[in-house]
Amino acid sequence: MFNVYEFFNRINEVRPESRLDAGQPDIPVRREIIEEAVESLRRGETGYTSTGGIRELRERIAEFEGVSADEVIVAPGAKILIAAEIASAKKVAVVSPRWNAYSLIARQFWREVEVIKTTLDERWIPRVEEIKADLIIINYPNNPTGRVLSGKEIRGLLDVAEENGVKVLSDEVYAELSFTRFTPARELYENVVTVKGFSKLYSMTGFRLGYAIGERNEIRRIQRFIESTVTCVPPFVQRAGVKALELRDELIKEVRRAYLERVRMASKMLRGFDFVEPEGAFYIFLRTPQDGMAFAERLLSRGVAVFPGMAFGDYPNFIRISLSGKGLERGLRVIREELECALESRATEGWEGSSRGVSAEGSR
């Protein structure tokens, strides 16, 4: 299995000029959020809190999610919540391409993984008649494709889950960054646990703050898992989360607009190549004329970092471009040059890349 973290460490060593690899938002955390965390620390809020999260934070989440506070649990990041669900399953199904953490976590718990592969030619729509697992993980808006399933498309998948008695874990961390109508899975099917976080909309990646929404008994089960592993979220982080939610409506408009502008720019610059224009999130999953890993290595030699498609499943002829890093326009120009060069030399023995010079800064 391709190790995305090892590749990420290599990128950090190279220090490329254009960082279009990780899903690390480059929009700064709002000053008010940071100040709230600092003030909380100054007030001495540094001890343990209740495992499920402080009441004020859960109530604010519940208010805009349209649920009760007892149906919400807060945790240090979304991963531990995903782990709690995977640990309770015997077999896990994942819709691919997907964030590789799902499979990595499943391996840690020795869980079998069923892969439901989707294709670019079918616009990444899952075509499935049976699910042979007791938990399926879905992620829309999708990382890495940017797809947002229509209400009809998501209903078709959830109907199969219901027919097979399968619980659904809906990773909706990019939900507020949807550029089209987004239908939460829990609106269409009862047996759904929704996982969301503060990393993408609020840029609070280092704060490690996530939450889950589910039926009360499910939330109590997740709480027992949190109690036996990571205990709780630091109180000053939760206070920052409360402040972030006060800014939520303003940030949704501001941040969504910023990423939509980038998506439109990137789609225009890469017009003519194979990808589905993103309907949410901030990624482009693009088919390469030749091997995606070799293509990613060539781009890295020119000071542009992207992730190869193998980081997201069995997609050797793809790369994922993140539109949230530095040097975006330069990186997109280099990617287009290399795509054009690869197409021109497709009929030859090998592809040596564009004749343009390697960036001195990017090769450090």
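Yeah, the Cβs are placed from backbone N, Cα and C, and that goes for glycine too.
So that you can see what the record holds, here are the features copied from Swiss-Prot:
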BINDING   Gly23, Trp99, Asn143, Arg320  L-aspartate binding site
MOD_RES   Lys200  N6-(pyridoxal phosphate)lysine
Worksheet item: Using DSSP and three states only, what is Arg320 (L-aspartate binding site)?
Response: strand
Item to complete: Using Cβ-Cβ distances, find the residues under 8 Å from Lys200 (N6-(pyridoxal phosphate)lysine) that belong to the same chain and are at least 6 apart in sequence, listing them in sequence order.
Response: Gly23, Pro25, Val173, Tyr174, Glu176, Leu177, Ala281
Worksheet item: Beyond Gly23, Trp99, Asn143, Arg320, what residues of that chain have CB atoms within 8 A of the centre of the L-aspartate site's CB atoms?
Response: Pro144, Ala281, Tyr283, Phe307, Phe312, Ser322
Worksheet item: Can you tell me the three-state DSSP label for the residue listed as 'N6-(pyridoxal phosphate)lysine'?
Response: coil
Item to complete: Check each residue in the chain of Asn143 (L-aspartate binding site) that is at least six apart in sequence and keep those whose C-beta is under 8 Å from its C-beta; list them in sequence order.
Response: Gly23, Arg98, Trp99, Tyr174, Ala281, Tyr283, Phe312
